[in-house]
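As structure tokens, the structure follows; a few thoughts come after it.
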């Protein structure tokens, strides 16, 4: 398969933004073009599964900036997983967005779908980045093209949320991420994603390595490690399909994917294990996941509760990377997959609830499960997956995370994981428990009151995936393992 396909995959969603704009006055045609574009992207990305699993690593250089520094694309297992998630969830989110945007008579719908396509293009660009420079370019593109989505409503609340969103993400990327890339170039003379990392034999170690790793952790603000997390709750002013994009399809996944890829291919697992440079960030991630879970318990706004849930869930991936073990990195890669389907289901459910009955607070959901059984059943399935209980997919990523902690004799992490799971139960299962078992108020619908099918069908599909992936996790784990052929 020609490496030119890498460039085509990155450019395809951005190029198709033009036809989406041209047919914007015809909503059915506009959304059909969006869905078909997503399906075509998924087919194109899926063609690389077999070659990558067999050990192929296609590369394509667009142009050279300096000797040894190119804007270039390459594909490896972690990148392909991220690309597959973005490509698979784009058509479903487009279908869901059609039902939500029409059901709530949202303005600027064509602009929404254009920016959505550009965001997917940025996600694919990050997934296929061959080096830190290319990753940074598409990381910044992601921030810029999602800003209009966050400020979609155009009111004061949206603009304030947008300022926090772009302020934190641009400040961290330019002030920390970019200097970290420059320092890497100066020390190693190489910013390519290299199996085993680029720092072996450079003399980097101790506090210097720890400081550089910290620049990357905080520079990648999209990973939402505290205290660089405030942009995520602030972005909840956006319509729910945007929240689904931010939390499951592209933005936060771009952050933790970057952390994982930098850990494995820039520092290298062996280098971090020997130097201990990542160890403080295990506990930073542990603090973030516990603190975010505690805050989530006290959030009555449903989307805000889910936002803090995302902050905690992302920290599982950062923690897995920082453990500096193969099992921990495997857990991080697997949790990118399981969290994507679980969290997008929860946000789909939140949007379906708002579309059907215009309720957005947890305290307003009492008794609603009898009127919206499909939505709250899907919510329950996704919640159990994120808690990490079988037979849902999230159980496997939690299992590998615990195994990774034991592998490097960090047993206290097991206590943190157990406590976080208990907190997850409190703030997630509280919602379906209220909906199914508590009496509603006078305004609670007595009959069937589900949202339009365009909203309900996608959430049923993603909830089903949470179950199916539990039984078919082994191929994903085996695929992730191919990343460590020499990248350890």
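Using the three backbone atoms N, Cα and C, a Cβ is placed for every residue, glycine included.
According to TrEMBL, the domain 'NADH:quinone oxidoreductase/Mrp antiporter transmembrane' annotation covers 129-422.
If you look up TrEMBL, you'll see 33-56 (among others) marked as transmembrane segment.
Non-local neighbours of the transmembrane segment (68-90) in the same chain are 3, 6-7, 9-10, 13, 38, 41-42, 44-46, 48-49, 52-53, 57-62, 116, 120, 123-131, 133-134, 137, 185, 189-191, 193, 248-250, 253-254, 257, 260-261, 264-265, 333, 336-337, 340, 344, 462, 476, 479-480, 482-483; each lies 6+ residues outside the stretch with a CB under 8 Å from one of its CB atoms. Sequence annotations record features per position, and here TrEMBL assigns transmembrane segment to 68-90 (among others).
According to TrEMBL, the feature transmembrane segment maps to 110-139 (among others).
Residues 69, 132-133, 136, 139-140, 143-144, 146-147, 150, 198-199, 202, 204, 212, 215-216, 218-222, 228, 230-231, 234-235, 266 of the same chain, all 6+ positions outside the transmembrane segment (164-187), place their C-beta atoms under 8 angstroms from a C-beta of that stretch. Residues annotated as transmembrane segment in TrEMBL: 164-187 (among others).
Per TrEMBL, transmembrane segment is recorded for 199-221 (among others).
What TrEMBL lists as transmembrane segment is 242-269 (among others). Only residues 6 or more beyond the boundaries of the transmembrane segment (242-269), in the same chain, are considered here, and those with a CB under 8 A from a CB of the stretch are 76, 78-79, 82, 85-86, 89-90, 93, 96, 112, 116, 119-120, 122-123, 126-127, 129, 132, 135, 139, 142, 146, 149-150, 152, 184, 191, 193-200, 209, 213, 216-217, 220-224, 232, 235-236, 277-278, 303, 306-307, 310, 314, 317-318, 320-322, 324-326, 329, 332-333, 336, 339-341, 343-344, 347-348, 350-351, 483-484, 487-488.
Here TrEMBL flags 281-299 (among others) as transmembrane segment.
Summarising the annotation, TrEMBL assigns transmembrane segment to 306-324 (among others).
Counting only same-chain residues 6+ beyond the ends of the transmembrane segment (336-357), those with a CB under 8 A from a CB of the stretch are 81-82, 85, 89, 92-93, 96, 99-100, 103-104, 239-241, 243-244, 247-249, 253, 256-257, 260, 302-303, 306, 309-310, 313-314, 316-317, 365, 368, 371-372, 375-376, 378-379, 381-383, 385-386, 392-394, 396-397, 444-445, 449-452, 455-456, 458-459, 462-463, 465-466, 469, 476. What TrEMBL lists as transmembrane segment is 336-357 (among others).
Residues or ranges marked as transmembrane segment in TrEMBL: 369-389 (among others).
For 409-430 (among others), the entry in TrEMBL reads transmembrane segment.
Look at TrEMBL and you will find 451-473 (among others) tagged as transmembrane segment.
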Tell me whether the transmembrane segment (281-299) sits in contact with the transmembrane segment (409-430), defined here as at least 3 Cβ pairs under 8 Å among residues 6 or more apart in sequence.
yes
Answer with yes or no whether the transmembrane segment (451-473) touches the transmembrane segment (409-430) by the criterion of at least three Cβ pairs under 8 A, sequence separation 6 or more.
no
Counting only residues 6+ away from its ends, which parts of the chain sit with a Cβ under 8 Å from the transmembrane segment (369-389)?
309, 313, 338-339, 341-343, 345-346, 348-349, 352-353, 356-357, 395, 397-399, 421, 424-425, 428-429, 431-432, 435-437, 440, 444-451, 456, 459-460, 462-463, 466-467, 470
